[in-house]
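Written out below as structure tokens is the structure these notes cover.
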Amino acid sequence: MPAVDKLLLEEALQDSPQARSLLSVFEEDAGTLTDYTNQLLQAMQRVYGAQNEMCLATQQLSRQLLAYEKQNFALGKGDEEVISTLHYFSKVMDELNGLHTELAKQLADTMVLPVIQFREKDLTEVSTLKDLFGLASSEHDLSMAKYSRLPKKKENEKAKTEIVKEVAAARRKQHLSSLQYYCALNALQYRKRAAMMEPLIGFAHGQINFFKRGAEMFSKSMDGFLSSVKDMVQSIQVELEAEADKMRVSQQELLSVSESVYTPDIDVATAQINRNLIQKTGYLNLRNKTGLVTTTWERLYFFTQGGNLMCQPRGAVAGGLIQDLDNCSVMAVDCEDRRYCFQISTPSGKPGIILQAESRKEYEEWICAVNNISRQIYLTDNPEAVAIKLNQTALQAVTPITSFGKKQESSCSSQNIKNSDIEDDNIVPKATASIPETEELIAPGTPIQFDIVLPATEFLDQNRGGRRTNPFGETEDGSFPEAEDSLLQQMFIVRFLGSMAVKTDSTAEVIYEAMRQVLAARAIHNIFRMTESHLMVTSQTLRLIDPQTQVSRACFELTSVTQFAAHQENKRLVGFVIRVPESTGEESLSTYIFESNSEGEKICYAINLGKEIIEVQKDPEALARLMLSVPLTNDGKYVLLNDQADDTGGSPSENRGAESEA
């Protein structure tokens, strides 16, 4: 090894300018070495950090490979080979992670640590000795300055002796510090060469050991496994290329179709219309009412399933029932100056939903398909043959009607005329009950009204020529004169669930069946909105009052309530049947279902008490006995178990105030 430069220790005592000049060269070299060592340490720490990160990365990769099996892939067919392969690779990653961890430890011990020790021990020692040498030189200079100022005359032997001793001590101290400093600088020239080599030897040994153990781990069995995995990937790639070629050919064929596929009604004359359909799918626009006179149209995907018309919004997993098509009727209509509109009506003739197709072909095929399905020919042995016989009927249905008046003329039921303006708010539930008892209570396919507000009935009844009684409209004045004179006033908080027509009021079973159908329809159609009202029971009427405005929403004569009952299991459900005379002289029956804050039996008790009061008002003695059997308020009205305060959530005085305002 070539000789190194050295400082002569013999020149330390003399401290000549030449010695100082040579010392400055060594100091500059030590400073450069310090800067380089710091940069070298940063680079080696980066290598160690990268190796440490490699350990963490391989560990995370191993866990992620095992997590593939736990992923709930929607399309996981044929993943067994992939899962087993990933499990094997995860095991390999764990072994490889052990090698990386060991390599990181070796790099820390044999590469990074020696450089740190060299910097902290040798370079720091040189820096410290440099500072001590500087202090000793300064002290020597000060003592020599004192010694030089000794006077030539009047010498003070005592002072001279002290200064001489001080100079000797300072010179001895400087000599000692310079010798130590020179030795450290000379040793640094040797140590820096070793300090540069030793970390690299550790790095090389660590890498060699890592690769050797890696080669041992990746044995012939590993080579065979990798070969089989490579063959599997190549076979998948071949299948992918073949499938890609097929898809390119199919894409070219599909794109080579005529422009009529993209443009609706581009050539109406040549459109081939299939009138024998017993099932149909496609996008239609559905008309929805958003207010008294406002509507919106929503584009949805419709399809038929047996005798049901289903709708599936984009992004939904499955479709929902829109309308039962059995025994329904379909006809073209003019609606809001839109083309290709048709309406599906209920079996009783009441208008139902209005749909719009995108083309003439889709328009006619939908009408024909619904017309065929409505006659339940999908249940026959040869539905298509039966559908051909019904084509003429379907063609007649395609002819649009120009007004609701013409539609009313073609209807043979007065019930159709009465409800033609309000059926856009109705949803026709599927008649699921097949036992005769249920059909005797409620006709299959009877529409359900979910909103207690029916604005369409606020107009004049043209059949009677006068103002029509509005069972669900708001009263013109806010006072209830009959409530002031009534012996009974009881208030309950209720929420309207639905109402529907029934066939009989001879049994409470009709109310239970109506409850079942209303709740089932709400569940099927995801209807959660309910109108909250105050139900005031008097000895004359049942009145529904808006809790905010205290305006009457509906009023029923208590004598018209022919049946009332609470649910046998859900005690908060209550319903009653109303008998209403029609303009034709006949009477109609409707049941109304509510959910109450209190038990439904309390409402039934109040209604029953009101009807008893009506009966005994003709007999003063019976009325007196009844008044004695029931507690009264200060103004002579009946109180029922403090229900008023419990239901309304306020004080009795507040409730009486609400009644008087109503």
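For all residues, glycine too, the Cβ spot is worked out from N, Cα and C.
Quick look at what Swiss-Prot lists:
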type: DOMAIN; residues: 3-268; note: domain 'BAR'
type: DOMAIN; residues: 277-375; note: domain 'PH'
type: DOMAIN; residues: 486-635; note: domain 'PID'
type: REGION; residues: 1-428; note: region 'Required for RAB5A binding'
type: REGION; residues: 642-662; note: region 'Disordered'
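Taken together, the residues in the domain 'PID' (486-635) have a mean pLDDT of 84 on the 0 to 100 scale. Within the domain 'PH' (277-375), the DSSP-based counts of helix, strand and coil residues read 15 helix, 48 strand, 36 coil. According to DSSP, the domain 'PID' (486-635) comprises 46 helix, 60 strand, 44 coil.
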